[in-house]
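Feature annotations, reproduced from TrEMBL:
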- 34-53: transmembrane segment (TRANSMEM)
- 89-109: transmembrane segment (TRANSMEM)
- 121-138: transmembrane segment (TRANSMEM)
- 121-244: domain 'Phosphatidic acid phosphatase type 2/haloperoxidase' (DOMAIN)
- 176-194: transmembrane segment (TRANSMEM)
- 201-221: transmembrane segment (TRANSMEM)
- 233-252: transmembrane segment (TRANSMEM)
Amino acid sequence: MSVLHSQSGMSADQCNILNFNVRYKVKTKTYRDFFILNVIALSISGVIFIWLARDGALDFWITGHFFDVKNHIFPFENSSLLENIGHTFLKDLTAFFLIIGIVLSILGFWNSSLRSLRRPLISFCVMAGASALFISFLKATSIHACPWDIEMYGGHLPWLPLFTQLTTHIVPGHCWPGGHASGGFALVAGYFSFKEDRPAWARMFLITGLVFGFVMGFVQIVRGAHFLSHNLWTLWLVWALCFVLDGLIRYISLKVPKRQFCYP
């Protein structure tokens, strides 16, 4: 029995409630600041991305550096280095990270040393997996074409503004947002999962996810598979989804407090 328990005469249940209330107030204030910052950042960046997508000028300018106008091709489209390492290897590597997370989450139910990591690991797997599936769904239902399929780059499909409505005269391009980059950006789910319990791990996941995402996205830009805006929207959507899921997971976890002991 703790000193606080014995000296105050509080019951164990009262002590647990006090501990939870203190923890709840501290985390609520911290999360409130985090929530406001994210809402502002997502709103501002969303407006900027919409403005940049109004005419595709930035996308065309960047993609133009990797397009051979004379031969009307993307020289690096079939590059074995970019295709095997930049595309296949990095994609498999990010999938491996998720598999490791799933395995460790399962082991956490039996291994005492992993038990404290079980909740954030499960959160990471849920958010990362949901992000990848969400981007895949949007891409599969998108009307926007990849650069190498667009008329100005030797393809047969028109370039379309971001909010163009699908009509019978439009053939869906299935290329928005950037699917390949989503594998890297999905790793930022680890930032949301570990930000409170293990900040150093959270920063590692954040940096790794951003680096992998932008590298994987750049590979696709060079190959003519995606525009810059496709990858930026992937990051925005993944971050927004993780932000929402993190809030839901946090709400549920705070509504079901763990039993704790009082300490002096």
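Using the three backbone atoms N, Cα and C, a Cβ is placed for every residue, glycine included.
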What stretch in 89-109, 176-194, 233-252 has the biggest tally of Cβ pairs under 8 Å against the transmembrane segment (34-53)?
233-252
Under an 8 Å Cβ to Cβ limit, what residues of the same chain, 6 or more beyond the ends of the transmembrane segment (121-138), are close to it?
98, 101-102, 104-105, 108, 114, 176-179, 182-183, 185-187, 189-190, 192-194, 205, 234, 237-238, 241-242, 245-246, 249
Same-chain residues near the transmembrane segment (201-221), Cβ under 8 Å, at least 6 residues beyond its ends:
62-63, 66, 82, 86-87, 90-91, 93-94, 124, 178, 180-195, 227-228, 230-231, 234-235
Calculate the per-residue pLDDT averaged over the domain 'Phosphatidic acid phosphatase type 2/haloperoxidase' (121-244) and state the result as an integer.
96
